[in-house]
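Swiss-Prot has this to say about the protein:
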| type | residues | note |
| --- | --- | --- |
| DISULFID | 34-45 | disulfide bond |
| DISULFID | 40-56 | disulfide bond |
| DISULFID | 44-78 | disulfide bond |
| DISULFID | 66-86 | disulfide bond |
| DISULFID | 80-104 | disulfide bond |
| SIGNAL | 1-17 | signal peptide |
């Protein structure tokens, strides 16, 4: 039993010693398969349609199509980059079917 415990501790020490920021389950790069936006470094797990595999994608830039926050964690259109707002008419049906799409706008610049 002591040998198993020592082997386990050595394995954990080696695993923590490797300074690899890339993740297997979290901190996924763009293009890698994901199950939820929380896994991606960009915080956008995107799929083309209901039958495609979801992959990490960059957030939407200004004047690009976007989605408001979704409960599912997977987007058909990625949310906006930091500092931009997704100008969308939110509906209950759109929230359920994940079809609340809009356009990313910089509201600070739009009011000037």
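Keep in mind that glycine also has a Cβ here, set from the backbone N, Cα and C atoms.
Recorded residues residue 34 (disulfide bond) and residue 56 (disulfide bond) have their alpha carbons 6 Å apart, per Cα-Cα distance.
For residue 44 (disulfide bond), applying a Cβ distance below 8 Å and a minimum sequence separation of six or more within one chain yields 37, 56, 57, 58, 59, 75, 78, 79. In terms of Cα distance, the disulfide-bonded residues that sit within 10 Å of residue 104 (disulfide bond) are 66, 86, chosen from 40, 45, 66, 86. Listed in sequence order, the disulfide-bonded residues near residue 86 (disulfide bond) (C-alpha within 10 Å of its C-alpha) are 80, out of 40, 45, 80.
Spatially close to residue 66 (disulfide bond) yet at least six residues away along the chain are 60, 77, 78, 79, 80, 86, 88, 101, 102, 103, 104, judged by Cβ distances under 8 angstroms.
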